[in-house]
C-alpha cells in the first residue's frame, strides 16, 4: 500500500501571535462575564515593549483592558525585561470604537424575520454577523477524533510550556514551536517520521543539554513509543540558537494561526480567525458548530472521516449551503448525511449560540493549543450527544 507523509505544526502560548489571541479572548471573556450580549471584535498586536488593542465593541460592561493585558502576559510568563518583553513595563495602547450600526442591524434581526418568514422564539432574529464559509472536520485517527499530526504537535507544545512553568526545564523561555510529520500507509498512521521543536532558552545553556532534556522530558513523554523508531528524525533548535524570541523577535497579531487553531492543514479552512470575536460572528460560532456536526457523524460510526462546509450571508440566519465530504469512508451517502444534519442540528447563529452555550466566558482557554480535540477542558462543541439519534436514523439501530 502506498505511503505518504503529512505534517502539522503548533506553537506555545508564548508565541507572539498566540499572545495576541489570548489577550483578545481574555478581553472577550471579561466582557461576556459582565454582559453576555456583548458584541466584540477585538484585535491585538504586540511588538518589542508594546501592546496595541483595537477593535469594535458594543457592551454595557466596563473592563480594564490594560490590566487584562498585563495579567495575560504575566500568566504566559513574560515577567522580566531580560525576556525581551515584560508585563509590568510594556506600553499598552487601546483604540476601541462601537460596532458598526450597519452590521448590528443585520445581526439584531435577521432578514427572514424582517420579511415575515418563520420565527421560532427569537432565534430567527439573529442573523449571521458576516458572510463567509466555515469548515468542520473529524476523523477516527485519535480518541479525540482529530488528525494525529496536529494532535501530537499540540501535545508537544503544551508539554513544552508545562516543563517550563513547573521548573523541570528551568532555562526555557515562553516562546516555542513544534512540528510533527506522520507517515501513513494508505489512510493509517504507522509511525512518526520527524519531530521538530524550536524552544526559546536562556543564553548560557548548551545545545546538547537542550536536546537531551527536550527528548527525554517532552518528546518521549508525549509521543507513543510505538510511533518512534531508530529512523525517526528529531530536530531541536536547528538554527543552533533561540535566545531572542517572543514580541522582541517577531511582531504578533491576532488571528494569524488559523491552521494551528483548527486541524493543522488536514482539512480545508474558510479563512476566518476565531479569537477576539463574540459568537454572533459565524467565523467562530459556525466553525465550532461544524466541528460539532462532523465529530458526531464520525463518533456515530457513519464515516471514518467527515468534513462539512457551511456558508452564510450577513443578516440571514439560515446557512446558504451545507456540503459534506466523507472521502469515500461513509457508511451512508453524503446526501443522506446532509439530510440528517438538517434534521438534527440547528445551524442558525442564534441556535448555535443557544445549543452550544456560547455566551459564556470560555474562549481564553482555547486561545492556545487548539480549539478542537481538547481533552483537558469540557467544550460544548466536543460533545457527542447526537450519536444515538444519528445512528438510529441513518442505520435503523
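Cβ from N, Cα, C; glycine included.
Feature region 'Flexible loop', per Swiss-Prot, maps to range 99-109 of the set 77-87, 88-98, 99-109, 110-120.
Listed in sequence order, the residues of the same chain lying 6 or more apart from residue 43 (K(+) binding site) and placing their CB within less than 8 Å of its CB are 20, 24, 53, 54, 55, 253, 254, 255, 276. In terms of Cα spacing, the binding-site residues 15, 176, 241, 250, 257 all stay beyond 10 Å of residue 281 (L-methionine binding site).
Max Cα-Cα distance over the annotated ATP binders (15, 175, 176, 177, 241, 242, 250, 256, 257, 273, 277) is 36 Å. Comparing CA positions across the binding-site residues 15, 17, 241, 250, 277, the one lying closest to residue 56 (L-methionine binding site) turns out to be 277. Each of the binding-site residues 15, 241, 257, 277, 281 was scored by the other Cβ atoms within 10 Å of its Cβ; the lowest score goes to 241.
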